[in-house]
Amino acid sequence: MEIEIATIGGYEEVGRQMTAVRAGDDIVIFDMGLNLSKVLVHDNVETEKMHSLDLIDMGAIPDDRVMSDLEGDVKAIVPTHGHLDHIGAISKLAHRYDAPIVGSPFTIELVKGEIESEQKFGVENDLVKMEAGGTMEIGDRCELEFVHVTHSIIDAINPVLHTPEGAVVYGLDKRMDHDPVLEDPIDMERFREIGREGEGVLCYIEDCTNAGKKGRTPSESTARRHLKDVLTSVADYDGGIVATTFSSHISRVSSLVEFAKEIGREPILLGRSMERYSGTAERMGRVNFPDDLGMFGHRKSVDRAFKRVMNEGKENFLPIVTGHQGEPQAMLTRMGRGETPYDIEDGDKIIFSASVIPEPTNKGQRYQSEQLLRMQGARIYDDIHVSGHLREEGHYQMLDALQPQHLIPAHQDMKGMAPYAKLAKSQGYKIGRDLHMTENGNTIQLVE
């Protein structure tokens with residue numbers, strides 16, 4: 001059976017992920033993502049109103065024209081998790097393919113939200129929920145399997161396409177967390193089984209984000225302990241404390257809510273994405289928030305919440321807000337500009353439970369946001385976070401578990417892939433033979 005890989009997006013940058021695997025006449029697409037940095041450089045861009053061709057020209061979503069080079073039918077579109085760099089282009093591209101969108105339950109709920117907010121295209125693909133550990137047939141001879149992984153969002157999976165020639169494992173995105181906060185540990189046992197079943201692993205497509213960092217990525221439990229230590233250290237402060245983190249990071253938001261209660265403050269979730277992600281997780285029973293937890297996304301309701309905080313005393317509340325990357329219209333940035341009823345005063349504490357996404361736009365916007373906050377006298381507590389991506393030792397462990405015949409590095413530009421290439425070469429792989437360094441828009445024929 002012919003096996004061909006199309007590297008459509010995410011092979012020259014961190015963002016707009018999209019990969020297609022052809023096994024005979026059957027094709028599975030993994031991810032359809034957005035490159036947020038290409039959107040953020042433009043003022044007041046509303047992607048939901050834009051045409052896909054304009055977004056492709058901007059470099060914001062994958063250019064999927066290479067799909068015309070693949071001879072076969074798309075059987076499934078499979079987002080690995082709910083981050084926008086993996087699902088943000090589904091509302092723009094999925095309607096081109098007569099195939100269901102298959103994902104974990106939380107991911108599919110987020111995809112549904114993306115589709116409902118789309119104003120340019122009608123997306124009528126079936127939405128199919130499949131739990132980690134589940135399988136579905138792809139054509140007559142292949143099978144799709146979901147393996148549970150841990151990442152900085154709940155319900156992340158690594159999909160595996162089992163073919164007669166061996167398994168193709170799509171390894172984006174994960175960290176090797178054996179002590180997570182809300183979920184089960186990563187299913188390394190299943191990865192080891194896949195590496196030793198049948199024909200083994202034909203190809204492993206891997207996220208290289210942190211491949212150049214030594215050691216292993218700490219557990220979310222480590223970030224939780226750090227966060228508790230910081231909040232406990234400021235528990236006696238009688239002014240404002242504000243926290244910000246990734247809205248999609250339900251485990252971190254849950255910890256912030258819990259620790260706010262422990263230091264005698266009422267947590268409030270503020271911002272559209274904060275309300276969307278946490279509200280979805282709560283409705284699905286994936287997180288247990290206090291019954292009285294307020295979530296406010298619309299501008300007027302947010303302002304009413306801030307007025308209540310100011311009237312009843314900032315010392316009684318912990319607003320948990322959007323804006324950890326310094327996004328211009330996010331809540332924390334607006335607070336820094338003085339555009340909300342919340343007054344930041346000298347000595348108030350701002351807790352960033354997030355790292356800066358390593359893109360120039362994000363770095364610049366985060367710097368500007370911090371400077372605005374400091375100008376008002378705020379004290380910044382930074383980088384209370386652990387990454388959602390494997391470091392060097394995690395990559396060694398995955399290679400040992402899967403023992404793949406071929407490797408394709410992804411989720412970086414060529415410079416960012418170099419550390420992974422060096423790591424792979426130390427394990428006996430060779431560029432041009434079984435280590436495939438590639439770019440967007442290419443195809444790789446693994447089996448002819």
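Using the three backbone atoms N, Cα and C, a Cβ is placed for every residue, glycine included.
What Swiss-Prot records for HIS81, HIS83, HIS151, ASP173 is Zn(2+) 1 binding site. DSSP assigns HIS83 (Zn(2+) 1 binding site) to coil, not to a helix or a strand.
The feature Zn(2+) 2 binding site is assigned by Swiss-Prot to ASP85, HIS86, ASP173, HIS411. DSSP classifies ASP173 (Zn(2+) 1 binding site) as coil under the three-state reduction.
In the three-state DSSP assignment, the secondary structure recorded for HIS385 (substrate binding site) is coil. HIS385 (substrate binding site) is surrounded by 23 other CB atoms, counting those within 10 A of its CB over all protein chains shown. Under the heading substrate binding site, Swiss-Prot lists HIS385, VAL386, SER387, GLY388, HIS389, citing sequence analysis as support.
Counted within 10 Å of its Cβ, the other Cβ atoms near HIS81 (Zn(2+) 1 binding site) come to 27, all protein chains included.
Sequence-distant neighbours of VAL386 (substrate binding site) (same chain, 6+ residues apart, CB-CB distance under 8 A): ARG175, THR217, PRO218, SER219, GLU220, THR222, ALA223.
Same-chain residues with CB within 8 A of the center of the HIS81, HIS83, HIS151, ASP173 CB atoms, the Zn(2+) 1 site residues themselves not counted, are THR80, GLY82, HIS86, SER152, ILE153, ALA156, LEU172, LYS174, GLY388.
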